[in-house]
Amino acid sequence: MNSTLSLNRPVRNYTLGSFKNPKLIEARPSRHQLCSHLIDFSKLKWFGNVNSRTGSSVQQQLRDYSGESRRITSRRIRVSSNDAQFGSFPNKGGTESSSFAEFITSERVKVVAMLALSLALCNADRVVMSVAIVPLSLAHGWSRSFSGIVQSSFLWGYLISPIAGGTLVDYYGGKAVMACGVTLWSLATFLTPWAAENSLLALLFARAMLGVAEGVALPCMNNMIARWFPSTERARAVAMAMAGFQLGNAIGLTLSPILMSQGGIFGPFVIFGLCGFLWVLVWLSATSSTPDRSPQISKYELDYIMNKRQKSHAVESKPKTKMIPPFRRLLSKMPTWSLIVANAMHSWGFFVILSWMPIYFNSVHHVDLRQAAWFSAVPWCMMALTGYLAGLWSDTLIRNGTSITLTRKIMQSIGFVGPAVALVGLTAAKTPSTASAWLSLAVGLKAFSHCGFLVNLQEIAPHYSGVLHGLSNTAGTFAAIFGTVGAGFFVELVGSFQGFLLLTSLLYFLAALFYIKFSTGERVNFDESDS
């Protein structure tokens, strides 16, 4: 006996004839429409029991009509299982928000987690020398200024690759370029012990090659996030990736002394190099360059990403970027210079703190090497946490109607003015604990700038985000070299770390004012000259 659904209206039996009624189906259904009808039939079970023989007849009729039901049915079964898990389909406007459960288990989070791991290795490989430089200086009799030169050799290579690497990222995509970059920098790290045992020139060359390879890391990260995340989630995604970047500092600073005590000065170089090779194998086998090329992504997630992505910022809405970008037009816009200045100041502060804080705690507060590494590592853990919270807040502001321009300026102001104030406090600290607290505050607030200029790169130039990141990174590398080497000479001439920290604080204030004045969250047209 047939069972039907009653909703305070005349009872109607759903039969094959009713589905053939031209009033219900006005036109001959296409293949895409057949797929949609099949979903509607299955949904009838949510509202009551439908005659099983009728349902079978309808599906049989569709089989006879289309001749492709196996492919369609299997595809819809896969989609239904994912959609049922998360409870809703994306609507045509794509206005709904992704739930936390969907977000944290999604394919796009797997991609950003792999990016975070690569950035953790990136920083762990570069920060090892900040710890190893102390015993190496003692063994070879290097002065403070020459120690700064050795540490800055990484930046010599880093100066070369960002623009070329960013151009390659825009042209070939982030997946392939990131795999090549991690392979090369892991090889350079692994060979550092051999280079150091042979000659100083070989050591400098190995560190420079590390910089060349790592110059592509952040442009690749920006490229992958721009393709995998809608605009309302990009700040959060960048914060997650950069959390790995900061944790890499903490991992390198804390594990390096332990590994050095067990395996010699060069133990951490070997371990971190091998970890990089393992990461490349997983990256190539488990990720895709874009969501539509991923065999693991659900239909729900793919529809969500495509529907939520703003049409004007869609990376795929235009033919592949030209191999030679319009450098002149890129540099003719003040929003570009706001990003260049912000990246330069960010890199100055970042590398000065990264390279000199272990020596600062050792010489100013007289703590031993292992304690100095721990004191220097705590702020980077704080940066990873505050960076993610900043990303959540930034995305929430945009979803609640705050303009992208204002949101980026708020984040960047906190990211520069906050460290400027905290560094002043650091210079007045009398104990290692107080100094570590001020340094943690400075580095933690610095993470807000990741939701300022770093995300802003994707917004003003989605098609040139790689090369624009390369341009700003090159300026940042010049600033980092000048700051890292200059700190050593400054301390030798003046005899005080505190004076250099006060200079850095002043520069933070000036860079914040420049960004507030000239930045924008709107897309800038770099493809046409101003009329």
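Every residue gets a Cβ built from N, Cα and C, even glycine.
As given in TrEMBL:
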DOMAIN    111-523  domain 'Major facilitator superfamily (MFS) profile'
TRANSMEM  148-169  transmembrane segment
TRANSMEM  202-225  transmembrane segment
TRANSMEM  237-259  transmembrane segment
TRANSMEM  265-284  transmembrane segment
TRANSMEM  337-357  transmembrane segment
TRANSMEM  377-398  transmembrane segment
TRANSMEM  410-429  transmembrane segment
TRANSMEM  435-455  transmembrane segment
TRANSMEM  467-491  transmembrane segment
TRANSMEM  497-516  transmembrane segment
Confidence summary (mean pLDDT) of the domain 'Major facilitator superfamily (MFS) profile' (111-523): 84
Recorded stretch that, among 237-259, 467-491, 497-516, has the most CB pairs under 8 Å to the transmembrane segment (337-357): 467-491
Contact call for the transmembrane segment (202-225) against the transmembrane segment (410-429), three or more Cβ pairs under 8 Å: no
Cβ-based contact of the transmembrane segment (410-429) with the transmembrane segment (467-491), 3 or more pairs under 8 Å: no
Ranked first among 148-169, 377-398, 497-516 for CB pairs under 8 angstroms with the transmembrane segment (467-491): 148-169
Same-chain residues at least 6 beyond the ends of the transmembrane segment (148-169) whose Cβ lies under 8 Å from its Cβ atoms: 126, 129-130, 133, 136, 142, 177, 181, 203-204, 207-216, 219-220, 223, 323-325, 351, 355, 466-471, 473-474, 477-478, 480-481, 484-485, 487-489
